[in-house]
Amino acid sequence: MPAVVIVGAQWGDEGKGKATDLLGSRVDYVVKFNGGNNAGHTVVIGDEKYALHLLPSGILSPGCVPVIGNGVVIDLDVLFQEIDGLNARGIDTSQLLVSANAHVIADYNRTLDKVNERFLGSRKIGTTGRGIGPTYADKMNRLGIRIQDLFDEKILRAKVEGALDLKNQILTKIYNRRAVSADEIVETLLGHVERLRPMVADTTLVLEQALKADKTVLLEAGQATLLDVDHGTYPFVTSSSATTGGACTGSGIPPTRVTRVIGIVKAYATRVGEGPFPTELFDEDGERLRTNGGEFGTTTGRPRRCGWYDAPVARYAARINGVTDFVLTKLDVLTGWDQIPVCVAYDVDGERVDEMPMTQTGFHHAKPIYEYFPGWHEDISAAREFSDLPANAQAYVRAVEAISGARISTVGVGPDREQTIVLHDLL
Ligand code: GDP
Ligand code: IMO
Ligand code: MG
């Protein structure tokens, strides 16, 4: 019966992949419902490390059906490369289902993503350059290419020609690039059809039948609350709905089915790309978080911007998503500081503000108001019970929990599956 949602509660890279993988063996379906290969989820199982971009992290759990939902945008080259990469490592991907309604990232949208960013100059978003924004823009403009269009060559050709009508004007007249040939695009897309066909399904129906048959469905977000196109730090966001609401529209599972919402939150904060980040550090502490936490992008390799834990952001994510449980990840990275600052509110132009400011200008002006908690120096990476943690680490977790808007049910003390402390079961 239950549909359980996993969402990022900050700016991404909180450890959603590890959390999904942890539950993978106990759920029947894992659905990716938004985003595309802008995501990068790292899962570590013993000596093996997997970087997943487009496939749901549940693909690593035998017996669990991975589903790419209608809310996802798919780069077919990447899809098949990722499948081949996993197959070569002995992972079975034959159960994968792909929604017929998901949109396809065509080559011209990858090009437009990159030239748009260059055109924006200092106003750029810092996108991953994977064509995500332009593909979602086409979807909203009703110019998108869907997976199902690949099965009807005539329709496909008409849609590609329709999309290119305007895009070629923009590419040639504004960006000084060469025009894209519809034939080439159609040919490339059709080249994937035979391999794709057996995976494509009416996934909304499959999931409805699964829930009716008492199966457990896990909905895994890409990106995060503060990157959500509606609820994030717009315009410095991705172009999809990365929050619980998006889990419903992006999968076709109705809200009344969702029984649990798990927010993944790091014990500090990171952000990739441009946009406001009140607790960002530009000093040695920031460098130390980046080094100790291995904070370099899984997708683009860019160094992640690092800062202290921001409780108003966590509370905001709790409220927007209806978080029932938080997974606090990377507590081990905070080992070694004498004291650890936590942002409890902001100073916005001389006024104390306890929640996310109403306006983006307010958020840009927000200066963190910190409370300081005593740190610890013991290695905590082998802790498996909460009581194994030093008293100050326990106190840090409890203090953060008290101001974050939901209980902390799991604490991560290392990248491996095993490096996990469970306080409350997540299923
Ligand atoms: P996602 O995009 O939310 O899935 O997160 P990423 O995989 O991009 O980034 C999280 C990184 O932290 C990955 O390299 C994980 O292996 C790693 N990780 C996850 N949980 C923990 C933890 O509790 N401790 C440490 N040290 N690393 C973790
Ligand atoms: P996961 O799922 C962190 C950021 C980009 C950029 C903005 C828009 O691994 O948490 P886009 O290419 O989506 O149009 O870029 O969003 N971004 C992410 N940052 N983790 C991610 O995914 C991200 N996906 C996109 O850096 O600032
Ligand atoms: Mg990531």
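Keep in mind that glycine also has a Cβ here, set from the backbone N, Cα and C atoms.
The active site, proton acceptor feature in TrEMBL is assigned to ASP13. If you take the C-beta of ASP13 (active site, proton acceptor) and look for same-chain residues 6 or more apart in sequence within under 8 angstroms, you find GLY40, LYS266, THR270, VAL272, GLU295, GLY297, THR298, ARG304.
Under the heading active site, proton donor, TrEMBL lists HIS41. In the three-state DSSP reading, HIS41 (active site, proton donor) counts as strand.
Among the features that TrEMBL reports, active site is placed at LYS139. Taking Cβ-Cβ distances under 8 Å and a sequence gap of 6 or more within the same chain, the neighbours of LYS139 (active site) are VAL73, HIS103.
Neighbour list (HIS41 (active site, proton donor), Cβ cut-off 8 Å, at least 6 residues apart, same chain): LYS16, GLY17, LYS18, THR20, ALA51, LEU52, HIS53, SER57, GLY222, THR298. Residues or ranges marked as GTP binding site in TrEMBL: 12-18, 40-42, ARG304, 330-332, 412-414.
The IMP binding site annotation in TrEMBL covers ASP13, GLU14, GLY15, LYS16, ASN38, ALA39, GLY40, HIS41, THR128, ARG142, GLN223, THR238, ARG302.
What TrEMBL records for ASP13, GLY40 is Mg(2+) binding site.
Here THR300 (substrate binding site) comes close to THR128, GLY129, VAL272: these same-chain residues lie at least six apart in sequence, with C-beta atoms under 8 angstroms from its C-beta. In three-state terms derived from DSSP, THR300 (substrate binding site) belongs to neither a helical nor a strand segment and is classed as coil. According to TrEMBL, the substrate binding site annotation covers THR298, THR299, THR300, GLY301, ARG302, PRO303, ARG304.
Taking a Cβ cut-off of under 6 Å from any atom of ligand 3, the recorded positions ASP13, LYS18, ASN38, GLY40, THR42, THR298 reduce to ASP13, GLY40, THR298. The binding-site residues shown are GLN223, THR299, ARG302; of these, the one with its CA atom nearest the CA of GLY12 (GTP binding site) is GLN223.
The C-beta environment of ARG302 (IMP binding site), restricted to residues of the same chain at least 6 apart in sequence and closer than 8 Å, consists of VAL272, GLY273, PHE296. When each of the binding-site residues THR42, THR128 is scored by how many other Cβ atoms sit within 10 Å of its Cβ, THR42 comes out lowest. Under 6 Å, Cβ to nearest atom of ligand 2: this is the test, and of the recorded positions GLY12, ASP13, LYS18, ASN38 it is passed by GLY12, ASP13, ASN38. Considering only the binding-site residues LYS18, ARG304, the Cβ with the fewest other Cβ atoms within 10 Å is that of ARG304.
Among the binding-site residues LYS18, THR42, THR300, the ones whose Cβ sits under 6 Å from an atom of ligand 1 are, in sequence order, LYS18, THR42.
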